[in-house]
Amino acid sequence: MPRFRLRLWVHFCAVYIFSGVVCYLLYYEYSYISSKRIAHYYSSKPQPHQFTILVRGIPVSSGSSCSETVEKFFTEYYPSTYLSHSVVRRTNKLQRLTSDAKKLYRRLVHLKSETNPQRRSIRDGFCGLFGHKVNVLDHYGKKLETLEDNVRMEQLSVAGKEVPAAFVSFKSRLGAAVALHIQQGTNPTEWVTERAPEPQDIHWPFFSSSFIKRWISKLLVVVAYAAVTILFLIPVVIVQGLTNLEQLETYFPFLESILSLTVVSEVITGYLPSLILQMFIAFVPPIMIMLSSVEGCISFSQIEKSACIKMLCFTIWNIFFANALSGTVLYRFDIFLDPKEIPGILADAVPAQASFFIAYVVTSGWTSLLSSVLFRLSPLICSIIKKPFSGKDGDELKVPSIPYHSHIPKVLFFGLLGITYFFLAPLIIPFLLVYCCLGYIIYRNQLLIVYAPKYDTGGRFWPTVHNSTIFSLVLMHIIAIGIFGLKNLSLASSLIVPLPILTLLFNEYCRKRFLPIFEDYPLECLIKKDRQDQNDPTIAVFYNKLSTAYEDPALMPIRHPRSTDDHNSPLLQAGV
């Protein structure tokens with residue numbers, strides 16, 4: 001018994017030491033990334049989003065347009081800093097027409113390069129299988145001309161479809177920051193300001209303008225997110241049923257002879273549950289992206305960050321808690337009425353799932369790194385299947401961007417497993433170390449060679465990483481309190497109690513110290529950059545480009561080269 005208690009005290013010391021090391025690394029990394037973020041800002045050239053804000057809820061009076069209202073308001077209240085503005089218009093239909101024209105033109109270019117004359121004739125009926133045979137080049141050429149005419153007509157009609165929102169640009173970063181952080185009108189739901197994303201980062205199709213509409217959209221997204229989370233408990237129950245052979249034999253007696261085989265039982269209880277869970281969870285990231293899109297976000301970066309947080313919470317609840325608290329405990333909501341029971345329940349349930357999570361690291365970690373990240377099997381298979389039907393050639397291949405919303409939550413979840421199980425089941429640590437080593441090599445290769453950034457993150461995902469790690473530490477402390485309580489080591493259990501409190505205080509300090517740098521750049525940085533611009537001879541050219549930087553691409557004049565021999569000529573070109 002004394003030796004057993006001594007080992008428990010060793011675990012107690014390990015919890016304290018490990019918590020201190022993790023907090024030190026978090027502080028160091030937060031400080032380092034903050035300094036790199038400031039250094040990146042100082043070294044960057046003038047960017048449109050640094051001088052621009054988005055204004056929503058513009059109160060348009062009768063007899064005047066939205067553009068006139070914006071011009072009058074900012075000229076009156078910001079006479080020395082206001083530069084220009086671009087009013088947002090409803091272009092959903094126009095974007096669809098432009099997209100169809102682009103696809104049709106690329107199809108024409110591809111068919112023009114075909115050497116097989118049989119592929120230049122199709123039937124004009126259903127799916128190209130029925131009707132009269134027609135020359136495909138003439139057929140698609142006429143359709144393209146019709147689409148071009150429709151696009152031009154829609155562009156003319158869209159000019160009057162103004163949305164009460166506009167991108168307002170200023171002559172200085174400081175002027176934009178002042179307008180961003182000050183309430184513009186007496187009604188807080190009017191003249192609502194927010195940061196403008198980079199022009200190429202804007203997600204035009206889901207541009208929500210109304211304050212009430214955005215509020216309702218967010219409420220509906222919360223309901224849909226809760227529904228998806230609850231529905232995902234069904235595959236979790238199936239997976240946990242596979243890990244328990246006794247339950248399988250009870251529900252399916254005819255499988256008793258098969259399950260008695262050692263190889264079959266080891267595969268079913270070890271590898272198969274985590275593989276099935278991984279197959280189900282592969283459908284979740286696109287759903288989270290869709291929910292974040294209709295939430296009212298107007299940029300790809302906002303959508304992806306929102307989806308990343310949703311995916312992280314979803315993964316922690318449905319993969320960790322739902323599997324660890326499987327059985328009747330999962331449905332005992334009364335335990336939340338007595339929080340003192342939670343440490344004991346977690347201490348009893350979490351260690352029992354160590355073997356399942358080790359298998360999950362192998363299937364979702366090792367296998368996923370090699371198949372999804374390194375070899376990108378899913379895009380490859382989809383490309384092979386779609387190529388005969390789409391007729392795309394090599395010139396149309398797009399450089400992929402890293403899917404932050406699916407990769408970051410997965411890495412953070414493995415971090416949670418490592419922090420939680422390091423003193424409960426240290427056997428999981430080697431598997432996680434192998435995953436981290438493989439991940440470093442593979443992700444470094446993909447980031448440098450394969451992926452191209454869709455937008456500049458500027459380190460904005462780090463606060464999510466920090467908060468997730470703090471949550472993992474506090475969860476580990478709660479489980480440790482329960483473990484020492486179950487082992488009748490009340491002194492150790494009591495001495496662990498200050499740890500989560502100290503960890504949360506440390507997190508609050510980091511939030512006060514570093515988080516403001518990730519939300520806004522300080523006044524010192526803004527003024528220094530503005531003073532540098534005064535000596536920049538190209539700033540006048542930049543101001544000229546800034547006035548049109550936030551024009552909707554669908555409103556730009558289009559021109560398709562009539563000769564489709566030029567495979568590299570762009571589809572959409574600005575009119576001169």
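Please read every residue number as a count from 1 along the shown chain.
Cβ atoms here come from the backbone N, Cα and C positions, even for glycine.
Per TrEMBL, the feature transmembrane segment maps to 6-27 (among others). Outside the transmembrane segment (6-27), and at least 6 residues removed from its termini, the chain residues within Cβ reach (under 8 Å) are 419, 422-423, 466, 469-470, 473, 476-477, 480, 483-484, 487, 489, 492, 495-496, 499, 503, 506, 510.
If you look up TrEMBL, you'll see 50-205 marked as domain 'CSC1/OSCA1-like cytosolic'.
Positions annotated as domain 'CSC1/OSCA1-like 7TM region' by TrEMBL: 218-484.
Taken from TrEMBL, the feature transmembrane segment covers 219-238 (among others). For the transmembrane segment (219-238), the residues of the chain that approach it from at least six positions outside its boundaries are 276-277, 280-281, 284, 287, 291-292, 294-295, 310, 314, 317-318, 322-323, 326, 330, judged by C-beta separation under 8 angstroms.
Annotated transmembrane segment per TrEMBL: 258-291 (among others), in sequence order.
The transmembrane segment annotation in TrEMBL covers 312-333 (among others).
Residues annotated as transmembrane segment in TrEMBL: 353-377 (among others). With a cut-off of 8 Å between Cβ atoms, the residues of this chain six or more beyond the transmembrane segment (353-377) that come close are 243, 270-271, 273-275, 277-278, 281, 319, 323-324, 326, 400, 407, 410, 414, 417, 421, 424-425, 427-428, 431-432, 434-435, 438-439, 442-443, 445-446, 450.
The transmembrane segment annotation in TrEMBL covers 411-443 (among others). Packing against the transmembrane segment (411-443) from elsewhere in the chain are residues 11, 14-15, 18, 22, 312, 315-316, 319-320, 350-351, 354, 357-358, 361-362, 365-366, 369-370, 373-374, 464-465, 468-469, 471-473, 475-476, 479-480, 483: each is 6 or more residues past its ends and has a CB under 8 Å from a CB in it.
Annotation source TrEMBL lists transmembrane segment at 463-486 (among others).
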